[in-house]
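Colleague: I have a structure here, written as structure tokens, and I will follow up with some questions on it.
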Amino acid sequence: MLLDTYGRVATDLRVSLTDRCNLRCTYCMPEEGLQWLTKPELLTDDEIVRLVRIAVTELGVTEVRFTGGEPLLRPGLTGIVARCAELAPRPRMSLTTNGIGLERTASALRDAGLDRVNVSLDTLDPEVFQRLTRRKRHADVLRGLAAARAAGLEPVKVNAVLMPGFNEQEAPDLLSWALEEGYELRFIEQMPLDAQHGWRREGMITAGDILESLRTRFELAPEEERERGSAPAERWLVDGGPQRVGVIASVTRPFCRACDRTRLTADGQVRTCLFATEESDLRGALRSGASDAEVAELWRKAMWGKKAGAGIDDPSFVQPRRPMSSIGG
Ligand code: SAM
Ligand code: SF4
């Protein structure tokens, strides 16, 4: 098991497949992009599958989410999913993506064994999309979403970040649209994980603001606590249900006490938290010939050191050196 000193057990593994991206979301990275990892620095497909196998067979991981950067940019993605689907016990597998290219790959991913997708889409307005992501790809994302639904990668979830000066008014419109399309919408509070360190607590759109805005058009009733489990999103039944909307309030209502996550960066570092300032090098261990048991032990040790919480709202909070795109969101 991946246990920490607070008694939490990590069963949900987030694997970043690349730090590269074809968008430049303002809350994530600068217009010019970042200094990308080089090929030798990245884990190979074989190394990724080996680490997922160790996580699943020796460490009790049951859920694997592939992310990035943009995971659809990883050429071996479908093969990685197919090989992970053969593991016993088979993990549940999902993908967090900006949706560009999903139109072409959704059914192959489904056939390979992917169970679900989360597609990030912050706005229904192509022009706002272009300002927010600095790319003219809004229609590609909509087509990617429709392809995911058609391929049965359900429930299709949509992640939205609201940013002042861009889309802060859009919460009710996004929810109307998601209800109509049958997507499950979740708002994510903007977190201090952008490469430019431009996040400011003042001015950020909080879960409270989002709920207030949604309530101008919808009736929201909180979902029962037991249904939430360790999910980071607090969910509300919309107009009596059954459809729901979620809010991930990592800043104003952190849910660290129930966290069940462990993270692997594209260059093979274990992180215990998005906001961790320390990492443990599994790639080095793999490449110096460590056995599965030795790698598992390193991973367990790393998780044992997991901190109680991130404390973004705490004055002593320090933003981690790695940005979200490089950690894997
Ligand atoms: N490129 C993929 C995507 O956008 O879905 C996967 C990686 S991205 C880092 C994962 C999620 O993190 C996206 O839903 C994105 O909106 C969110 N995200 C990125 N930067 C963020 C920030 N500073 N605060 C909150 N969410 C952020
Ligand atoms: Fe790319 Fe995702 Fe970051 Fe946007 S949030 S720049 S899509 S990694």
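Every residue gets a Cβ built from N, Cα and C, even glycine.
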Colleague: Of the residues ARG8, ARG14, ARG321, only one is listed by TrEMBL in the GTP site with ARG65, THR96, LYS157, ARG261, THR262, ARG263. Which is it?
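Modeller: Of the residues offered, the record points to ARG14.
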Colleague: What does TrEMBL list, out of MET191, MET303, as binding the same S-adenosyl-L-methionine as TYR27, GLY69, SER120?
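Modeller: My reading of TrEMBL gives MET191 as the candidate in that site.
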Colleague: Cα within 10 Å of SER120 (S-adenosyl-L-methionine binding site): which of the binding-site residues CYS21, CYS259, ARG261, THR262, ARG263 qualify?
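Modeller: The binding-site residues passing the 10 Å Cα test: none.
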Colleague: In terms of DSSP three-state secondary structure, what is the assignment for CYS256 ([4Fe-4S] cluster 2 binding site)?
Modeller: helix
Colleague: If the [4Fe-4S] cluster 2 site is taken as the center of the Cβ atoms of CYS256, CYS259, CYS273, which further residues of that chain fall within 8 Å of it by their Cβ?
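Modeller: My list of surrounding residues reads ARG8, PRO254, PHE255, ARG261, THR272, LEU274, PHE275, LYS306, LYS307, ALA308, GLY309, ALA310.
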Colleague: In whole Å, how far is CYS21 ([4Fe-4S] cluster 1 binding site) from GLY69 (S-adenosyl-L-methionine binding site) when you measure between their Cα atoms?
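Modeller: CYS21 ([4Fe-4S] cluster 1 binding site) has its Cα 5 Å from the Cα of GLY69 (S-adenosyl-L-methionine binding site).
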Colleague: Note down the number of other Cβ atoms within 10 Å of the Cβ of CYS273 ([4Fe-4S] cluster 2 binding site), including every protein chain shown.
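Modeller: For CYS273 ([4Fe-4S] cluster 2 binding site), the count of other Cβ atoms within 10 Å is 19.
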Colleague: Provide, as an integer number of angstrom, the distance between the C-alpha atoms of CYS273 ([4Fe-4S] cluster 2 binding site) and THR262 (GTP binding site).
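Modeller: Pair distance, Cα basis, whole Å: 7 Å.
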Colleague: I'd like to know which of the binding-site residues listed (TYR27, CYS28, THR96, LYS157, MET191, THR262) lie near ligand 1, counting only a CB under 6 Å away.
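Modeller: Only TYR27, CYS28, THR96, MET191 qualify.
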